[in-house]
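Visitor: Below: one structure in structure tokens.
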């Protein structure tokens, strides 16, 4: 009986830690530029797609270059956003196979799913405005007036189309019948929606001035999205305050509820995760930790990049680094600036 109990416990653990295939499509970032994407059979050569995404590729071939670009943006933006953290998103480069930091329902996995969902919709919305996607153009002009001295013009980012097509592609793996545990599906669908909510909230009015001698008597305005790096920073804030959840029966169905705060439901605006993460101090590829040995740290910082936090109390080593920068700049009439290149030595620090 004890053996059966342990086996059941182990299988339950696997069901709740194995991820569905939600972010394997990030492997598209490795697609060679030489690969043509002008015929449906080319979809078979794309890495990381599940069958439903493959079908979307065949029926929406014109979107695939944009989606490939989105995968590259996710990787670049994630690494940039976490450059000051112990977990620095470097394992995202392993797509379509990952270590446990992204293979399990972790806080890190929550962030990457949210960013991926936001990025694909963001990239498609922007591609519509630049004319890169046939059959999709600028967003419609809003019905309400922008206000006195303002007028609608320019080319607004087509957010509605971006979310429509982006969610079809990025959510497709989680909606497959055989794609991991129900708990993981619910978690990743929730976090993907949080990413899209942050994207929607980033839509803002942007304007250009018109008038005699730059008087700006009239402003032409449109609605545009913030840069993906700004959206990533908003999601990073949510990552830091993410809520741990459990898959628990409520009524006739199971739902994700906060593990420690059973009196309230999961908030639609917060990232959620099922499995706690390690501290990422020491290298352990089995759990997806690259460690912080030889990571650069900031001796004077009080943040996550400080040498105390980044190095996990192991201490740090100084080294001297040469920096070349512009200096002795002069303005010449009219109208250009010339500078010289100066070299200086700065002290930097890496973790022991």
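From the backbone N, Cα and C atoms, a Cβ is placed for every residue, glycine too.
Here's the feature list from Swiss-Prot:
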| type | residues | note |
| --- | --- | --- |
| DISULFID | 78-89 | disulfide bond |
| DISULFID | 128-136 | disulfide bond |
| DISULFID | 138-155 | disulfide bond |
| DISULFID | 207-221 | disulfide bond |
| DISULFID | 209-216 | disulfide bond |
| DISULFID | 281-312 | disulfide bond |
| DISULFID | 297-307 | disulfide bond |
| DISULFID | 311-351 | disulfide bond |
| DISULFID | 327-342 | disulfide bond |
| DISULFID | 329-339 | disulfide bond |
| DISULFID | 334-335 | disulfide bond |
| CARBOHYD | 38 | N-linked glycosylation site |
| CARBOHYD | 88 | N-linked glycosylation site |
| CARBOHYD | 298 | N-linked glycosylation site |
| LIPID | 213 | O-palmitoleoyl serine |
| MOD_RES | 273 | sulfotyrosine |
| MOD_RES | 280 | sulfotyrosine |
| SIGNAL | 1-22 | signal peptide |
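How buried are these features, and what lies next to them?
Guide: According to its DSSP assignment, residue 78 (disulfide bond) is helical. Within 10 Å of the Cβ of residue 78 (disulfide bond) there are 26 other Cβ atoms, across all protein chains.
Around residue 128 (disulfide bond), the same-chain residues six or more apart in sequence whose CB sits under 8 Å from its CB are 136, 137, 138, 139, 157, 158, 161, 162, listed in sequence order.
Counting every protein chain shown, 16 other Cβ atoms lie within 10 Å of the Cβ of residue 138 (disulfide bond).
Counted within 10 Å of its Cβ, the other Cβ atoms near residue 221 (disulfide bond) come to 19, all protein chains included.
A coil conformation is recorded for residue 216 (disulfide bond) in the three-state DSSP classification, outside any helix or strand. Cβ neighbour count for residue 216 (disulfide bond) (all protein chains, 10 Å cutoff from its Cβ): 13.
Cβ neighbour count for residue 312 (disulfide bond): 17 (other Cβ atoms within 10 Å of its Cβ, all protein chains included).
Around residue 307 (disulfide bond), taking its Cβ as the centre, 22 other Cβ atoms fall within 10 Å, counting all chains.
According to DSSP, residue 351 (disulfide bond) sits within a strand segment. Non-local contacts of residue 351 (disulfide bond) by the CB criterion (under 8 A, 6+ apart in sequence, same chain) comprise 292, 293, 294, 295, 297, 307, 310, 311, 312, 314, 315, 316, 317.
Look at residue 327 (disulfide bond): DSSP puts it in a strand. Sequence-distant neighbours of residue 327 (disulfide bond) (same chain, six or more apart, CB under 8 Å from its CB) are 339, 340, 341, 342, listed in sequence order.
Residue 339 (disulfide bond) carries a strand DSSP state (E or B).
Residue 334 (disulfide bond) falls outside any helix or strand according to DSSP and counts as coil. Counted within 10 Å of its Cβ, the other Cβ atoms near residue 334 (disulfide bond) come to 5, all protein chains included.
Long-range Cβ neighbours of residue 38 (N-linked glycosylation site) (same chain, at least 6 residues apart, Cβ-Cβ under 8 Å): 61.
Its own atom aside, the Cβ of residue 88 (N-linked glycosylation site) has 19 Cβ atoms within 10 angstroms in the protein chains shown.
Its Cβ taken as reference, residue 298 (N-linked glycosylation site) is surrounded by 16 other Cβ atoms within 10 Å in the chains shown. Secondary structure from DSSP puts residue 298 (N-linked glycosylation site) in a beta strand.
The Cβ neighbour count for residue 273 (sulfotyrosine), using a 10 Å radius over every protein chain in view, is 23.
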Visitor: On a C-alpha basis, identify the one among 155, 273, 281, 298, 335 that is nearest to residue 216 (disulfide bond); the candidates are the recorded positions.
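Guide: That would be 155, the closest of 155, 273, 281, 298, 335 to residue 216 (disulfide bond).
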Visitor: Are there any residues at least 6 positions away along the chain from residue 89 (disulfide bond) with a Cβ closer than 8 Å to its Cβ? List them or say none.
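Guide: Within the chain, residue 89 (disulfide bond) has Cβ neighbours under 8 Å at 75, 78, 79, 81, 82, 108, 112.
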Visitor: Of the disulfide-bonded residues 155, 281, 329, 334, which one has its Cα closest to the Cα of residue 88 (N-linked glycosylation site)?
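Guide: For residue 88 (N-linked glycosylation site), the closest Cα among 155, 281, 329, 334 is found at 281.
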Visitor: Which whole-number value in Å describes the distance between the Cα atoms of residue 273 (sulfotyrosine) and residue 334 (disulfide bond)?
Guide: 58
Visitor: I need the CA-to-CA distance for residue 329 (disulfide bond) versus residue 209 (disulfide bond), whole Å please.
Guide: 30
